[in-house]
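Database features, via TrEMBL:
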- Glu1200: active site, proton acceptor (ACT_SITE)
- Cys42, Cys47, Cys50, Cys66: [2Fe-2S] cluster 1 binding site (BINDING)
- Cys106, Cys109, Cys142, Cys144: [2Fe-2S] cluster 2 binding site (BINDING)
- Leu371, Lys390: FAD binding site (BINDING)
- Gln731, Arg877: Mo-molybdopterin binding site (BINDING)
- 199-381: domain 'FAD-binding PCMH-type' (DOMAIN)
Amino acid sequence: MSTTFTINGQPYTVNLTDLPPDITLNTFIREHAQLTATKFMCLEGGCGACVCAVSDGKSTWTVNSCLKLLNTCAQLEIITCEGLGNHQSGYHPIQKRLAKMNGTQCGFCSPGFVMNMYGLMEQHGGRVTMEEVENSFGGNICRCTGYRPILDAMKSFAVDSTIDATQVILDIEDVNMKARNCPKTGKACRRTCRQSKLIFEDGSQWYWPSSLAEVFEALENVGNSDEFMLVGGNTAHGVYRRSPDIKHFIDVNGVEDLHHYSSDKDKLTLGANLSLTETMEIIRSTSKQSGFEYLDVLWHHIDLVANVPVRNSGTLAGNICTKKEHPEFPSDIFISFEALDVKVIAMKGIDDEQEMTLEEFLGDQDRKMLLKAFILPSYPKDKYIYDSFKIMPRAQNAHAYVNAGFLLELDGNSKVKSARICFGGIRPDFIHATDIEQLMVGHSPYESNLVEQTFSKLEDMFKPDEVLPDASPAYRSKLACGLLYKFLLKHAPDAEVSGKFKSGGQLLQRPLSSGLQLFTTQKQTYPVTQAVQKLEGMIQCSGEATYMNDVLTTSNSVYCAFVGATKVGATIDQIDASEALQHPGVVAFYTAKDIPGTNTFCEPSFGYEAEEIFCSGLVRHSEQPVGVIVALTADQAQRATKLVKISYSNPSSGFKLMPSLKDVFSSETPDASRIIPLVISKLKEVKFSDKPELEVRGIFEMGLQYHFTMEPQTTIIVPFEDGLKVFSATQWIDQTQSVIAHTLQMKAKDVQLEVRRLGGGYGCKISRGNQVACAAALAAHKLNRPVRFVQSLESMMDCNGKRWACRSEYQCHVKTSGRIVGLSNEFYEDAGWNTNESPVQGHSTFTAANCYEFTDSNFKLSGHAVLTDAPSSTWCRAPGSVEGIAMMENIIEHVAFEIQKDPAEVRLANISKKSKMATLLPEFLKTREYYSRRKEIEVFNANNRWKKRGLGLSLMNFPVIYIGQFPATVTIYHVDGTVVVTHGGIEMGQGMNTKIAQVAAYTLGIDLSYVKVESSTTINGANSMVTGYAIGSESVCYAVRKICETLNARLKPVRKAKATWVETVEAANAQLINLIASDHYKTGDMQNYQVLGLALSEVEMDVLTGNILIRRVDILEDAGESLSPWIDVGQVEGAFVMGLGYWLSELLIYEGDNGRLLTNRTWNYKPLGAKDIPIDFRVELVHNPRPSSAGFMGSKATGEPPCCLAVSVIFALQQALQSARQDAGLPREWLRLGAPTTPETLLLNAGHQVSEFKLK
């Protein structure tokens, strides 16, 4: 039976039974329609890369195509980013503006942002406010830009926009807001095109009922043991994976009775299958009616559920039914509805309809019971008080640590007649604080005795469960109490609340964010130093930019997935894949014994210790790949991995599992065999440079960080003639070529790589992606057919190393002036199971003194690698320097705290008067009003018990060290004088290609539009150094300038005074002058240099929740003579925000008894989002009228250094916490804050006791 899907106006006719019954829209768009702007990444609606728009002829909305099931789309028109605008039909204004306002770096996330904005504009008829825009990108993650330029571009479309978009001449009317009609009839959709039923080859059945009667007819076909699914938005798959054994899919989206809503003076009835977005629209309008004012609170709570595309698809019934199936699910809809005593209308049959409470519905065992509607009562505001709360690890798109809803009914004397006090996130069986509800009755809720009794009992009632990776019971209990206290503070009459306490009643209020970017340019060197648009920006924003997974292959392609080991420390005895090989679609399974060459994806000749592609014996870490499943689809490969059975011999008797650095140091005597000294000080003891007056000791701990590139580890292999064409997402084509060749016992000449661009790198694609590349190459070699291997997010987080965690044990001797006269720092970094890619003897050591002055004898530094039972740790943006600089800055802050001096003064006391920093720091403190702002913060803190602010400073001296070689080739075409550059570097969002084009245009004396930079290959880029360490752009620019100078010399004899560039090139060609030249950069061609930077971060903390706002950040960075200022500003902002994520939210938790990573997906690993960035974000590039000769044309690197400055945020939090602890009556004590300092860390260190909560 054929069905036609319409994508971008183009019909695609398919027989649905030829496709899997649960195929997603994303898979169909990419693999069948072969449209690649819609990306493939997290597959759970958590990253936004897959967002597209759908239209039913009446309205248009966005969806996560990775969650949207294809069989729910037949009546919809689907719109993707390349359909919205492209180079052939013209670009859409949103695409244009995002590109022109520098809102793209790697570009992988850009189509998702464009489509989300398009859907927002369509839903609001083209009229949106800046607040609506900024609030709508919680589901879109960007790891590159730091969000600021993206938000500016999108807010420039708002009706109240204050964004300067003068550089982009666009008319708001250009944005197409027309509703699209049904592609079949040309008229508005009437939802009459639905099929009724379809049976697939495997026996699975799809139903498309249009009435409640047809729903129950479908349910009658479901056997007692059959798994079935009522299909709404499929958004629960983002939390709990959809079962592969579902045999009945019942699409209820076409049942009108489930979408009805109505209201009268007593109640609002909401159809159960209304989406959360539709619900929000209804309750916003209904909240204007008397008795329903409380719905405004509900609107704001639902606004915190997931993200816009998920809310567009997810339904009320779906949310509640997920809670029914999984009682631990922290449903915000449930906790809000339960607090409001919402009733449900449930049906057990077409004639069996009943009204019941939510708790009754959840407890009913009838799995076929259908939710029809929800009834929300009227609550007149003069008789009821309602409020609800959701506290999360970041501002948006996260499930709650704890959520709560409180409803009080008051009598004429303002005493409580009834109370509903509900909490979520405590434990599955705890909802109502029943004792407190009863205690309140008959009292004013603000009576001091009642408040005292409430909080003396409440904490003991909770007894939260302890289930990793959830936050600790202590935090969740204290937080829950704080939410009820916050409710009382907020709603109590002013006369009942102390002025100092009142601000505690409000959650942190985030205003619109803004930014300031300051830099200078040199017109005499244009286009070099000119602030130009990123070269690839436009095609990235239209989705036309090609990434590795966008390379199209023939229909006989196969897909791969790793099978992982689970018993760490054991030895593999046997692998049985027989059941997996019988799974539909599975083609092959390969293990170490199938490798014809060497079983390693790290090349020893490149300085690596060998790491196995497939584990052949001892299991080093959880989910270490033991083999690869090859199947006809990616889903089939993933499912088959669960069917492979592995048997193990037991670990040695002395083995103790230690997956993290904390595990190693949890023992009083850490296992010495795990600690490897790599930096051994020549000093036996520290010699003081002056007599010390105080000793300061401490421990500083920094955790792991996952790179979270938006593009997964990806390799596409195409057998070609007698070799392989390899399209691999790698930062080091030379090593990837080498390991594939050695794996297959092939010659390097027969393994040719091509890399157009990466969707982010940050170090994780230097060697870690080689495991995927080698496995894919093996499959292609064995099967002689194209192979696609895109590693899943969970697999990447399980298998790939992270940033090296670090522990610093320091002993510092100081004068009371703040001058350090002796320092010992012994640091330990988490290597994972081996020491590959160690920063210990590199930047961790190079930056350990930062910009401070020490002698050869008064600073003793020792560094160690610590072996743990985890994947081998890897380089991650600013590897070693983030840790080295943070260690030193923490010591400075600790010293300042102990001697009770301003941290800025202690820094000045330790900086050499001859250094540039000695000039930069005082000026920075002055222009950023440091001292007056500190005083303002002290006044604020004195006047607010439950809100605290802090100001944190950090300095950076980042060494840039040139190594290796980078070849390049420049070709001039005689036909029209255009120029193509190829090189051995890798463009991954850092703007390398744009800078290269600027340099080529400047050196040749031509317009930038003449220059194009092509893909990097192992032919023109053979033997290249890894693109990393922030040196790639400058190194390749150097090579390109040399080449262009060579070409200029060749053109000189034929160049005439008034000849155009094209005429000169034509004359050269006529004389048979070679217009192709190659050269390279090599170590020694440029001088090493230092990058100086300063950051000042101001925060505000809610003491009762641990949530924070970053109120303002000022960054001053010495970028030398920036080659391309917009790119460098973007690099500064993006690196800093990635650093903020490290210090604030990116928590990785391993399970102690099996070493399994529990935070391995977007559901529980949280990089910062668009509303977590600094509210006021100011970046200035130092203008140096006399740039040094170091670097290329006086420029300096910007991709990695700013990451080191983000540590300033935890120093600001230290100040805020110290004020809270002082108010709590605790003795003055330095707090060991580290990475990450989460809301849990902050609340548990704030010092207050629940029993002390009072209103006055």
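Using the three backbone atoms N, Cα and C, a Cβ is placed for every residue, glycine included.
Regional average pLDDT for the domain 'FAD-binding PCMH-type' (199-381) in the model is 97.
Within its own chain, Cys50 ([2Fe-2S] cluster 1 binding site) has Asn26, Thr38, Lys39, Phe40, Met41, Leu43, Asn64, Ser65, Cys66, Gly112 as residues 6 or more apart in sequence whose C-beta sits under 8 angstroms from its own.
In sequence order, the recorded positions near Lys390 (FAD binding site) (Cα within 10 Å of its Cα) amount to none of Cys109, Cys142, Cys144, Gln731, Arg877, Glu1200. Residue environment of Gln731 (Mo-molybdopterin binding site) contains 25 other Cβ atoms, counted within 10 Å of its Cβ in all protein chains.
Counting in whole angstrom, Arg877 (Mo-molybdopterin binding site) lies 6 from Glu1200 (active site, proton acceptor) by their C-alpha atoms. For Leu371 (FAD binding site), the nearest of the recorded positions Cys47, Cys142, Cys144, Glu1200 in terms of C-alpha separation is Cys47.
Of all the recorded positions in the list Cys42, Cys47, Gln731, Glu1200, the shortest Cα-Cα distance to Cys144 ([2Fe-2S] cluster 2 binding site) is found for Glu1200. If you measure from the Cα atom of Gln731 (Mo-molybdopterin binding site) to that of Cys106 ([2Fe-2S] cluster 2 binding site), you get 13 Å. A Cβ within 8 Å of the Cβ centre of Cys106, Cys109, Cys142, Cys144, the residues given for [2Fe-2S] cluster 2, is found for these other residues of the same chain: Thr104, Gln105, Gly107, Phe108, Ser110, Ile141, Arg143, Thr145, Met710, Gly759, Gly760, Gly989, Gly1134. Listed binding-site residues: Cys66, Cys109, Cys144. The one with the lowest count of other Cβ atoms within 10 Å of its Cβ is Cys66. Listed in sequence order, the recorded positions from Cys106, Cys109, Cys142, Glu1200 having a Cα within 10 Å of the Cα of Cys47 ([2Fe-2S] cluster 1 binding site) are Cys109, Cys142. Reported as a whole number, the C-alpha separation between Glu1200 (active site, proton acceptor) and Cys42 ([2Fe-2S] cluster 1 binding site) equals 25 Å. Cys42 ([2Fe-2S] cluster 1 binding site) and Cys142 ([2Fe-2S] cluster 2 binding site) are 13 Å apart (CA-CA, integer value).
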